[in-house]
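Everything below concerns the one structure shown next.
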Amino acid sequence: MVLDLDLFRVDKGGDPALIRETQEKRFKDPGLVDQLVKADSEWRRCRFRADNLNKLKNLCSKTIGEKMKKKEPVGEDESIPEDVLNFDDLTADTLAALKVSQIKKVRLLVDEAIQKCDGERVKLEAERFENLREIGNLLHPSVPISNDEDADNKVERIWGDCTVRKKYSHVDLVVMVDGFEGEKGAVVAGSRGYFLKGVLVFLEQALIQYALRTLGSRGYTPIYTPFFMRKEVMQEVAQLSQFDEELYKVIGKGSEKSDDSSYDEKYLIATSEQPIAALHRDEWLRPEDLPIKYAGFSTCFRQEVGSHGRDTRGIFRVHQFEKIEQFVYSSPHDNKSWEMFDEMITTAEEFYQSLGIPYHIVNIVSGSLNHAASKKLDLEAWFPGSGAFRELVSCSNCTDYQARRLRIRYGQTKKMMDKVEFVHMLNATMCATTRTICAILENYQTEKGIVVPEKLREFMPPGLQELIPFVKPAPIDQEPSKKQKKQHEGSKKKAKEVTLENQLQNMEVTEA
């Protein structure tokens, strides 16, 4: 995931000042741009010198061949005149005046200079890339410039009644319908581990079927992705911070051969966006085939580092969940990807409108965007039991930022194009099932149970097509109030004092 290097090169029409400004708007280090420009300038100088040295080496070989053909004496003198050691000014005429033995010596020295130059070039290329991969995509003009998403995310529109309040939160409701085992899940899988069971399994499957059917009717191809990716491929679709904060690493045998003891490093996917992004890696996509639209379906795995203490109960923020994802490869021309961006968020909105979930759409501030996103809109549903908006959907246009690293090019072949172009890539959540279940539970709760949204009823089993009944009391109703806790603790303290007094009296009687 990187920007076009030509954007940093003034002689190629680039504007480093524009990228520096983008970094500042993202509240990231603009000095990375200057470091990259310096490393790139030195790299280009080094490559130019290496090209000239290779030409000189070929000239040496050609001159030796001509002299051998003429049967000129090889000579034994390997001393090199001072002016010949200046390779930048060395010409064919200068070489022709030397003996074969001297030219061979010159070729050997040129070889050493090439190796030294190549070593320097590799070092500069690595330095340049380290800076390049930490510089974010160019921002869309409509992105709010701020580093405080809590205060400055811009609300674009609201749908439904986002003021209504209801009694229970999703944390209680998953227990009341007997669809969740949290304590046992944590014993088996660790923190945030859970078992989804009974009615909520049916509700989850109903959401998956409905989401896939909706996307299928809009020209999306359903695709079930691998759950893990090779390290070298994951590096092309994920930014560096994700490896520490989000991704799980798995290590296994590198081969199915019993005598092979090598081990392979892979990463569990955090979203189906990652493997789908790599699906057309190293390909040329024809203009007439675009847009290519995928409805990704996968289990997702996230470490949630940095979320300590947030949403620790229930199923809203968990390490493992199912998700349906919109993913699109688009033309880079005629504003096509931005038209697709609007279409994808509209598709998500219509999905949640059909489920009757109130929401608002927020334009995410520049400081909270990941490197790849040029712009991101979130759909945040209203949770009437929690009294808060919670994120269900993220929709991003990454323009050509991801495609460049994955080498997914636009057009026929390089020979038929004046300049290599890259497709634009977009992604948007359709339905993260556990979060959507939480939103349904809070919005559709009644005194007797959860009313099943009309669009999901055909996917539910008999007896659960209209109402999911409450079968357990709410945990919050089982917890004593602060006043009750205080009274209980006071009674226990008083009882202890009485017991101690009785013991002292008994001791006095015994002694008497």
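Numbering starts at 1 and runs along the chain as it is shown here.
Just so it is clear, glycine is given a Cβ too, placed from its N, Cα and C backbone atoms.
Looking up the ranges 9-61, 274-326 in Swiss-Prot, the one annotated as region 'Interaction with tRNA' turns out to be 9-61. Just one of T214, T221, T271 is listed by Swiss-Prot for the same L-serine site as R302, E325, N427, and that one is T271. According to DSSP, the secondary structure content of the region 'Interaction with tRNA' (9-61) in residues is 44 helix, 0 strand, 9 coil. Of all the recorded positions listed here (S241, H319, L392, S394, T429), T429 has the Cα closest to the Cα of E325 (L-serine binding site). According to its DSSP assignment, E325 (L-serine binding site) is in a strand.
Each of I269, A270, S272, E273, Q274, G296, C300, K323, T429 belongs to the same chain as T271, R302, E325, N427, is absent from that list, and has a C-beta within 8 angstroms of the C-beta centroid marking the L-serine site.
The recorded positions considered are R302, H319, K323; of these, H319 has the fewest other C-beta atoms within 10 angstroms of its C-beta.
Residues belonging to the region 'Interaction with tRNA' (9-61) score a mean pLDDT of 92 in the model.
Cβ packing within 10 Å was compared across the recorded positions S241, T271, S394, N427, T429, and the lowest neighbour count falls to S241. Rounded to a whole value, the Cα-Cα separation of T271 (L-serine binding site) and E304 (ATP binding site) is 13 Å.
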